[in-house]
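Annotated features, as they stand in TrEMBL:
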| type | residues | note |
| --- | --- | --- |
| TRANSMEM | 12-31 | transmembrane segment |
| TRANSMEM | 92-111 | transmembrane segment |
| TRANSMEM | 131-158 | transmembrane segment |
| TRANSMEM | 179-206 | transmembrane segment |
| TRANSMEM | 323-342 | transmembrane segment |
| TRANSMEM | 362-380 | transmembrane segment |
| TRANSMEM | 400-423 | transmembrane segment |
| TRANSMEM | 444-469 | transmembrane segment |
| TRANSMEM | 475-496 | transmembrane segment |
| TRANSMEM | 540-560 | transmembrane segment |
| TRANSMEM | 572-591 | transmembrane segment |
| TRANSMEM | 645-678 | transmembrane segment |
Amino acid sequence: MAILSALATEVFIPVAAVVGIAFAVVQWVLVSQVKLSPAAAASGGSKNGGYGDSLIEEEEGLNDHNVVVKCAEIQNAISEGATSFLFTEYQYVGIFMAIFAVVIFLFLGSVEGFSTKSQPCTYSKDKYCKPALFTALFSTVSFLLGAITSLVSGFLGMKIATYANARTTLEARKGVGKAFITAFRSGAVMGFLLASSGLVVLYITINVFKLYYGDDWEGLFESITGYGLGGSSMALFGRVGGGIYTKAADVGADLVGKVERNIPEDDPRNPAVIADNVGDNVGDIAGMGSDLFGSYAESSCAALVVASISSFGINHDFTGMCYPLLVSSVGIIVCLITTLFATDIFEVKAVKEIEPALKKQLIISTALMTVGIAIISWLALPAKFTIFNFGVQKDVTNWGLFFCVAIGLWAGLIIGFVTEYYTSNAYSPVQDVADSCRTGAATNVIFGLALGYKSVIIPIFAIAVSIYVSFSIAAMYGIAVAALGMLSTIATGLAIDAYGPISDNAGGIAEMAGMSHRIRERTDALDAAGNTTAAIGKGFAIGSAALVSLALFGAFVSRAGVQVVDVLSPKVFIGLIVGAMLPYWFSAMTMKSVGSAALKMVEEVRRQFNTIPGLMEGTAKPDYATCVKISTDASIKEMIPPGALVMLTPLIVGTLFGVETLSGVLAGALVSGVQIAISASNTGGAWDNAKKYIEAGASEHARTLGPKGSDCHKAAVIGDTIGDPLKDTSGPSLNILIKLMAVESLVFAPFFATHGGLLFKYL
């Protein structure tokens with residue numbers, strides 16, 4: 001038996017979640033102390049750490065009330081635009097949620113003909129489990145809970161980001177360290193809120209469902225898989241819709257403003273700048289928050305489903321069953337300690353310290369988490385237990401399972417650092433891309449594509465080693481907990497990720513408010529580091545998606561009763577080849593959507609420059625609202641076809657062709673989707689930072705390529721514009737595609753196993 005009692009487990013998990021939420025509230029209170037009213041800002045400047053020196057105040061504009069008022073106005077415009085878009089998006093998504101909930105209930109309820117009688121269990125035929133009708137009902141409820149939690153997570157993240165962006169700008173007047181702490185604390189609010197709320201909702205759901213299911217672990221965790229499906233389906237629409245919104249505005253603003261009109265990025269004369277800043281919040285914050293919440297929910301559900309048919313489930317060992325939730329609980333405590341290193345222990349004093357401070361967060365959290373996993377594995381797991389792997393028993397030790405979680409955790413760190421190497425302008429790959437701009441946009445595009453393809457190699461080996469080792473030790477349960485290990489430091493990962501768009505917005509607000517060049521340099525430095533960390537966050541999301549999908553795939557194959565997936569079988573092979581094609585189809589849809597939305601934006605921005613007298617001279621105001629409306633309308637309309645492709649594929653394939661063909665589709669989509677996602681994200685990130693490398697002119701080499709407005713810089717802007725939909729729309733959405741298809745197949749597995757393969761039955 002485990003050392004940790006069931007009572008201690010029942011107390012520790014919710015307490016860890018509550019501590020995480022309390023920490024998020026404390027960070028928010030600290031951020032809110034930066035005032036956005038002129039009187040408060042002026043009085044506050046003299047108290048804070050010796051910044052009352054009047055000379056510094058005059059030089060940096062600390063006493064300029066107009067600047068504070070302008071910052072507040074711009075922040076309100078961004079916040080209103082983001083809130084309006086998300087409410088519009090959620091109305092459409094709400095309709096989908098209601099329809100899909102009915103589909104889940106009808107499909108799963110029909111497995112036993114809507115019978116209310118107990119049925120023989122899937123894995124233990126001598127025992128009786130709860131009726132399929134009630135499993136259908138509970139699956140529907142958990143789907144709705146997962147969907148709502150995902151939407152709330154994204155919305156709260158967006159609200160926090162729009163609350164913090166102008167405050168980061170104002171703090172940049174006092175120094176880069178103050179601005180860094182404000183942006184990072186704001187990111188931490190989102191990270192801890194999302195990790196803690198995801199854990200506590202899942203834990204409460206399990207305990208409520210347990211009142212009905214009792215000792216029927218199998219039925220309980222089969223119904224819980226709906227939670228992961230709800231989280232990921234909302235993440236798909238959030239990522240695709242937000243990605244199309246932000247990139248339509250970004251591409252439109254860059255092509256007309258920077259390339260044609262030769263005005264700076266985020267210049268207030270550009271009609272698309274507010275839409276661009278709104279897009280950062282709805283795509284990179286709300287969409288990304290929902291995405292990582294989906295990954296967390298699915299990896300937890302996959303581990304719980306596989307564990308429910310192990311010796312934990314048979315012996316009704318509550319502590320052992322809750323091991324995946326205990327790992328996440330320890331992760332929240334570890335991330336809390338790690339965050340204090342960035343905000344209170346190591347102070348950032350110079351621009352060059354920003355990126356190392358963020359990298360330290362990853363290293364410290366990984367090192368501490370390794371110790372945390374070792375302790376919880378020793379306390380919560382019996383010394384030896386049995387996992388059932390496709391009907392074959394496998395004996396596992398608690399230290400074996402510790403290695404599975406740890407290898408996932410460290411593989412995540414490796415993927416993060418490889419991503420950083422290929423996307424940061426501190427290293428040669430991005431500098432080579434920047435250098436290629438000497439001969440124009442064509443060579444820049446060629447070098448960027450090559451970099452993206454090459455950046456896939458090491459992450460794939462890291463994922464492959466994780467899969468082999470964790471499967472060898474603990475079969476599919478090993479892979480599920482390895483995915484959980486990669487996501488165990490999700491609070492820190494999200495804090496680092498959310499920091500990027502907050503810094504990007506802060507730079508935009510500084511430019512629009514007419515603040516000094518020195519402040520813009522500080523916000524640009526924060527943003528450049530944020531660009532790299534955003535790429536690291538996407539690397540984590542893609543790596544964990546690969547492991548989560550494989551664990552869900554294993555659970556699906558087991559639940560659907562497929563003994564072996566034979567690649568040489570024609571039923572499987574046709575699925576495999578179609579599945580490998582799906583990420584290309586999906587990417588084509590999302591990129592074309594960005595292109596058509598950007599086309600409308602470019603035409604509108606050109607129209608305003610050509611028809612509004614005094615706009616270029618700065619004497620007239622642009623019509624920001626029309627550009628915001630173009631992005632909103634285009635993204636809502638364009639997110640539906642890619643979403644439908646992902647959601648309908650498993651249903652159509654499973655119903656018409658059966659579980660064998662569907663297993664081929666899932667395997668094919670997983671294998672090709674991971675490669676395209678990594679290369680697309682890294683190519684886009686490299687092009688973006690190559691442009692920033694030329695703009696910053698920090699080294700002798702960079703100065704030979706600049707300045708802004710030179711032919712070399714224009715070539716870099718074109719590369720960055722091409723990369724925008726790759727890194728912020730198609731790439732990050734692909735990891736949701738592979739996870740979502742796998743979890744949807746698992747939820748509907750009982751239906752496909754009973755009624756699937758209609759075409760093959762009648763051919």
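Quick reminder: no glycine exception, Cβ is built from N, Cα and C everywhere.
Contact count against the transmembrane segment (572-591) (Cβ pairs under 8 Å) is highest for 645-678, out of 131-158, 323-342, 475-496, 540-560, 645-678. Between the transmembrane segment (12-31) and the transmembrane segment (645-678), the number of CB pairs under 8 angstroms, six or more residues apart, is fewer than three, so the stretches are not in contact. Among the stretches 179-206, 400-423, 444-469, the one making the largest number of Cβ pairs under 8 Å with the transmembrane segment (362-380) is 400-423. Proximity of the transmembrane segment (645-678) to the transmembrane segment (444-469) is established through 3 or more Cβ-Cβ distances under 8 Å for residue pairs spaced 6 or more apart. Most Cβ pairs within less than 8 Å of the transmembrane segment (475-496), among stretches 179-206, 400-423, 444-469, belong to 400-423. Outside the transmembrane segment (400-423), and at least 6 residues removed from its termini, the chain residues within Cβ reach (under 8 Å) are 323, 327, 359, 362-363, 366, 369-370, 373-374, 377-378, 381, 429-430, 451-452, 454-455, 458-459, 462-463, 465-466, 469-470, 473-474, 477-479, 481-489, 531-532, 535-536, 538-540, 542-544, 547, 681-682, 685-686, 689.
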